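K.L.:
Pulled these from TrEMBL:
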type	residues	note
TRANSMEM	B:35-57	transmembrane segment
TRANSMEM	B:69-88	transmembrane segment
TRANSMEM	B:95-113	transmembrane segment
TRANSMEM	B:119-141	transmembrane segment
TRANSMEM	B:148-166	transmembrane segment
TRANSMEM	B:213-233	transmembrane segment
TRANSMEM	B:254-272	transmembrane segment
TRANSMEM	B:278-296	transmembrane segment
TRANSMEM	B:325-346	transmembrane segment
TRANSMEM	B:366-391	transmembrane segment
Amino acid sequence: MASTILEMRDITKTFPGVKALSNVNLSVEEGEIHAVVGENGAGKSTLMKVLSGVYASGTYDGAIVYRGEECHFKGIHDSEHKGIVIIHQELALVPMLSIAENIFLGNEHAKFGVIDWNANETRTSALLKKVGLKEDPKTLITNIGVGKQQLVEIAKALSKEVKLLILDEPTASLSEKDSQALLDLLLEFKQQGITSILISHKLNEVNRVADKVTIIRDGRTIETLAKKDISEDRIITSMVGRSLDDRYPPREPKIGETVLQVKNWSVYHPIHAERQVIKGIDIDVRKGEVVGIAGLMGAGRTEFAMSLFGKSYGRHITGEVLLKGKPIDVSSVSKAVDHGIAYVTEDRKTYGLNLIDHIKHNITLANLGGVSRHAVIDDLRELAVANDYKAKTNIRSSSVYQMTGNLSGGNQQKVVLSKWLFANPEVLILDEPTRGIDVGAKYEIYTIIARLASEGKAIIVISSEMPELLGITDRIYVMNEGRMVGEMAASDASQEKIMRAIVRGEGKAS
Amino acid sequence: MSTESAPAPKSGVAEDVQPGSRVAVSALITNLREYGLILALIAIMVFFQFTTSGTLFKPVNLSNLVQQNSFIIVMALGMLLVIVSGHIDLSVGSVAGFIGALAAMMMVIWPLGPFSNPLVVSIICLIIGGGIGAAQGYWIAYHRIPSFIVTLAGMLIFRGICQALLGGGSSVGPLPVGFKALSSGFIPDLIGPLVLIPPTVNAAGKTIVGSGLTLHMTTLVIGLIAVLAYAYFGLRARRTREQHGYEAEPFPLFVVKTLVTSALALFLVYQFASYRGLPIVLMVMGVLIALFVFVTKRMTIGRRIYAMGGNAKAAQLSGIKTERLTLMVFVNMGVLSALGGLIIAARLGQAVPAAGLGSELDVIAAVFIGGASAMGGVGQVIGAVVGGFIMGVMNNGMSIMGVNVDWQQVVKGLVLLGAVVFDVYNKNKG
């Protein structure tokens, strides 16, 4: 039996008015991969912030025992000093600095403040080799993809002689392939004796690599499962406090005439003008239909959707858009909205919400005309609309006057959805609608999608999670490298078929 | 299928749910912050009332105070929108100086015939101000050149043109009396004065200025109407809210707020009425403040500016034409800078090369003291106005006290820093 490297005992952390953690216990053994799962807002991130000293010792109750001694971390420096390194969900790299500069930021090999670049780069190369990243240490962070940036973060952690590595949703924005590589890396680290704590929503990943799983719900530890007891169903049951019979709501598609048709759509990269990002795409969506677009990260799905939505991405955009058979002009966002097209972004914090304003103002933003007369806003009508959508989409907040920046991911997503529902579109494009949100909220989003389809909206769902597409759509397009490489009815699609279409780049897959 | 049947995880999820009572408390705190600024202004006024042995609240000084600071407030209205939209405008002082010089040249030097009429000149100047705003806003909005740089360039350019127009270091004047009324005039007494105490007549048969007590009835009537309208609309808004089943602020709080504001307003109106009535520039300012409060609080364009300042990308993807909106914010700023320039020239009675020099910093300071965020998306018109008056009262009070101009700057700097630190501290705590 291996020794216990970390024990967190009865951790209780209160914020003004809320108890974020109450008597949480977590015990991690040396050399294992320990997954911590729970819904968004369950308190996982708070727990990790307590562990890493972001919340200084004294601001919480309970004890942290690390390698046999009780620790009182005053800040992140203290915990890093002991070899505990946390990699946050949002990467903390400086985009305009090189890989080497980022890895040794604040920790440079220097004499009297003068940096020894050679030593830095040599060490960086060694670290990059360890994480399997083939890049020049001088490459700027901004020029490498998210997957590689994640590896740089891990290399940075290794540079600090990490003993306990904490990864907060490391694969949230990675493609399937990059995720696999990252998980393999974790397994490799395990061989080298590095202990990892993995926070994740993706239960299949947890299933694959974790030796133990601790489930947290509403700020409490529910249970810790050993390897032999880990199953997706068991975890889900513990996470939501009841069993989820079905992860997708049932629906009976009533599909009508074609609403939106896109013909021969081509887009070039906004900066590298010679690079064609979208290469002659044709798609169509019918009334009451949910159409999925599958593909790997970088396949061009978001770029396609955004170029369609008021030319918000790319240049030299060519092709034809028909709404109910008539060509329409979508050259600006407001024109697209006027024609009844709405696009719900994949990146709600950057492109979806005004985080420093409250729910009410966010919901009406895309359709201010709907709550005003002669450009004067009717405050009461706006309040009624906001309350209505808060109820319809089940946004959990104290009132519609809560800042959207203080909401959890799932509720933020519901606010963005509400905004576009209030704009009353005929075609709704949802880009990764459930990214980074918990199982319960996902189900609610699926329910909303199903309801909208039954109301006769045409819906396009872009998603990297294949089970999700298989579960909620009627028809799936497969996209790869700017082309549609497959189209299949959801009923006879499968993850394997989709992957095959992507890998082979073959035409109609079924 | 309805959302009720969704397996919603209930109970106190940490980031989501706050107890309902916190809403009321937080509403009170927000209100307190808003009132806090006004209370600070009152405290500062009372302080100077004592240190200047009662000079500050003297009717003649109140008129001076308004006339000296109105251009700062007028420009602060535009600056608020600029800062809320996430930008800055350093050129306003220079633009004001340039417009003042241009107006003087048009009225006094150039033989323009009927076009040298003060009203015509003023309108042309406002349009040119808008043009200047458009010229600067164009680079900021459509070419994404940082506003700091564009308006820094504008600051140099328009100060230079101002000085060149006036032919080096000379001043141009005197300006026509009709034009000067913009700053130093008072509203005409349509109803006629009410003599409470007849002025003392000296031996030579002349009345002694400032003796006796004559009230300007027009001023009083306007003041009363304004206060009644304020109370009426406040009450009506409450009623509608309650009729629709929404909670309004606690009634006692509303009453106290309305009474205090009304009493303060009536006191000031009375002071003006006992001197020469309401200054014209105060009326102009009052109308503009009301207009900008309405635009920012109630109109879609105001909402869009706040959304753009809060998250420009999200605003754009919500169908807001952010480029055009930015341009309009700068056009508005240009017009108000021009108005500021006209007010300065009218007060001085001539155009001088240094008119408005450095006033951009007072204007920006007023907006930040008023609680606007340098990151954009946050700020209130009333805050900027009160911020402007805080600066103005301090200028005025310290001048009367005989504080050296050098030290006045130090004090103003400390107040600016203190106000913003207090704000940031409050936000982090809240």
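Here the Cβ of each residue, glycine as well, is placed from N, Cα and C on the backbone.
Predicted automatically and left uncurated, TrEMBL annotations should be read as such.
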K.L.:
For the transmembrane segment (B:213-233), what are the same-chain contacts with Cβ under 8 Å, counting residues 6+ beyond its ends?
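P.N.:
Beyond its ends, the transmembrane segment (B:213-233) has Cβ neighbours at 186-197, 199, 258, 261-262, 265-266, 269-270, 272-274, 276-278, 286.
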K.L.:
Of the stretches B:35-57, B:148-166, B:278-296, B:325-346, B:366-391, which racks up the most C-beta pairs under 8 Å with the transmembrane segment (B:69-88)?
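P.N.:
Stretch with maximum Cβ contacts: B:366-391.
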K.L.:
Ranking B:35-57, B:95-113, B:325-346, B:366-391 by Cβ pairs under 8 Å to the transmembrane segment (B:278-296), which is first?
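P.N.:
The stretch with the most close Cβ contacts to the transmembrane segment (B:278-296) is B:366-391.
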K.L.:
Six or more residues beyond either end and a Cβ under 8 Å away: which residues meet both conditions relative to the transmembrane segment (B:95-113)?
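P.N.:
Same-chain contacts beyond the flanks: 71, 75, 121-122, 124-125, 128-129, 132, 154, 158-159, 161-162, 165-166, 172-176, 179, 334, 337-338, 340-342, 344-345, 350-357, 359.
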K.L.:
Do at least three CB pairs under 8 A connect the transmembrane segment (B:119-141) and the transmembrane segment (B:366-391), leaving out pairs fewer than 6 apart in sequence?
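P.N.:
No; fewer than 3 Cβ pairs under 8 Å.
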K.L.:
Where, among B:35-57, B:119-141, B:148-166, do we find the most CB pairs under 8 A to the transmembrane segment (B:325-346)?
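P.N.:
Stretch with maximum Cβ contacts: B:119-141.
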K.L.:
Please give the sequence-distant neighbours of the transmembrane segment (B:35-57): residues at least 6 beyond its ends with Cβ less than 8 Å from one of its Cβ atoms.
P.N.:
65, 257, 264, 271, 369-371, 383, 386-387, 389-390, 393-394, 396-398, 400-401
K.L.:
Could you give the residue numbers and ranges of same-chain residues that sit at least 6 residues beyond the transmembrane segment (B:119-141) on either side and whose C-beta is under 8 angstroms from one of its C-beta atoms?
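P.N.:
Result: 87, 89, 91, 95, 98-99, 102-103, 106-107, 147, 150-151, 154, 158, 178-179, 182, 322-339, 341-342.
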